[in-house]
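Listed in Swiss-Prot for this protein:
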| type | residues | note |
| --- | --- | --- |
| ACT_SITE | C283 | active site, nucleophile |
| BINDING | 16-21, D41, K46, 94-98, 135-136, E172, 283-286, R353 | NAD(+) binding site |
| BINDING | 168-172, 227-231, R267, 274-280, 345-346, R447 | substrate binding site |
Amino acid sequence: MTDQVFGKVSKVVCVGAGYVGGPTCAMIAHKCPHITVTVVDMNTAKIAEWNSDKLPIYEPGLDEIVFAARGRNLFFSSDIPKAIAEADLIFISVNTPTKMYGRGKGMAPDLKYVESVSRTIAQYAGGPKIVVEKSTVPVKAAESIGCILREAQKNNENLKFQVLSNPEFLAEGTAMKDLANPDRVLIGGESSPEGLQAVAELVRIYENWVPRNRIITTNTWSSELSKLVANAFLAQRISSINSISAVCEATGAEISEVAHAVGYDTRIGSKFLQASVGFGGSCFQKDVLSLVYLCESLNLPQVADYWQGVININNWQRRRFADKIIAELFNTVTDKKIAIFGFAFKKNTGDTRESSAIHVIKHLMEEHAKLSVYDPKVQKSQMLNDLASVTSAQDVERLITVESDPYAAARGAHAIVVLTEWDEFVELNYSQIHNDMQHPAAIFDGRLILDQKALREIGFRTFAIGTSPDQAYNLFGTAGY
């Protein structure tokens, strides 16, 4: 019988205090009061925010859980060596951005932070540790982590490591609900006795609130690939319905009606069939590109091309929407004030990573439009930094104004462009807004949340993704613009 290498987990550490690490560990602390959970990060300012009354990320329900558990069995610290030394189980939850240089530029994930954390664990471990990939990583990343940790074992017989894959399946804006009631928890590990022990310990943590039949165990590689494939399938759904939105605009069909009819087929289902200006966020594009790169590396060009098409449609949809705005505003937006409603990549989050708003705004800035931006959760500094990263700081200063309320953003504007589906945008007094705008006033609904008929009755010209144009000012006259 194999000796028990790993004892019962009583101390959990997460390296990385971002959108995944913070909420995940808050939920573990909430559901497992007998386990001490510590979130560590090199960014001392971020840790200070986690220890303050204003948390560094906005997520419905997060504040209540953090404030209840913090100081009891949930802690935030920048003392990484101490936390690693004391931990039984360590989550790696650091950023894995797309590489912007060298081999794999623009496609492959950059694993430098994962490697750095792995070396830090090897340096300060001191005893047996279960190491868990929480970051989205390419297939075989656990093998790289394990290689680093095994080298450390050669010099210290007290060190024993097992590397598991436990990808997150959170949707920002509903992360706490997703954590409290997940569709599934996926854990990948080795089939060795030690690997099975490590998997069992992580299963035991989740069993405190997740039914055992929702906890799936696989080999490590299947777990890593499943995460990429899940996000690729979701992104594919969005690109699929967005491609059909262009057909609807050209034919007089309504995308909402088409999606509703198609979604009634139980083999297809209705989720992720909401046409829009395009998907954003930290995961979808990054993970699809990672899958494309993997397929190219495996000499599977047809598969790589198939998934690259998902990204191509998303980029085309953003460009198409921006071109539509320009065309409908008499083919010029130069020096025209345009109000932008929404900057986050989706509602109920302040996250702006890969937001479609950034891309649409960039295209309009290239035409020298003057843009007045409002978002209820995104900080002004975040907006300006994001835009300066895709254009120039001078153009941002010259063309961008950030407002603290939507009425101010729309005052004197030629058009309103809805780029995030915030609930508050549905409830605004559009009669008042219309009175304060340039006429003819237009609304471009990139999220299909507004009542187009009611807006037309007020006097707006309306244009929505996947619907026939209202008044035919379009100089191009086709869905492709």
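In case you wondered, yes, glycine gets a Cβ from its N, Cα and C as well.
Features per Swiss-Prot, on structure.
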| residue | record | Cβ contacts under 8 Å, 6 or more apart |
| --- | --- | --- |
| G16 | NAD(+) binding site | V39, D41, F91, I92, S93, V94, N95, V117, K134, S135 |
| E168 | substrate binding site | V20, T24, K134, T136, K227 |
| A171 | substrate binding site | D178 |
| E172 | NAD(+) binding site | Y19, E59, G281, F345, K346, N348, T349, D351 |
| N231 | substrate binding site | T136, C283, F284, D287, V288 |
| A275 | substrate binding site | I241, N242, I244, S245, I255, S256, A259, L448, I465, G466 |
| Q285 | NAD(+) binding site | T98, A235, F279, I311, N314, E354 |
Neighbour count (Cβ, 10 Å) for L228 (substrate binding site): 24
Least Cβ-crowded entry, counting other Cβ within 10 Å, from the binding-site residues listed as D41, G278: D41
Packing count at Y19 (NAD(+) binding site) (other Cβ atoms within 10 Å of its Cβ): 24
Cβ-Cβ neighbours of N95 (NAD(+) binding site) (radius 10 Å): 18
For T98 (NAD(+) binding site), the three-state class that DSSP assigns: strand
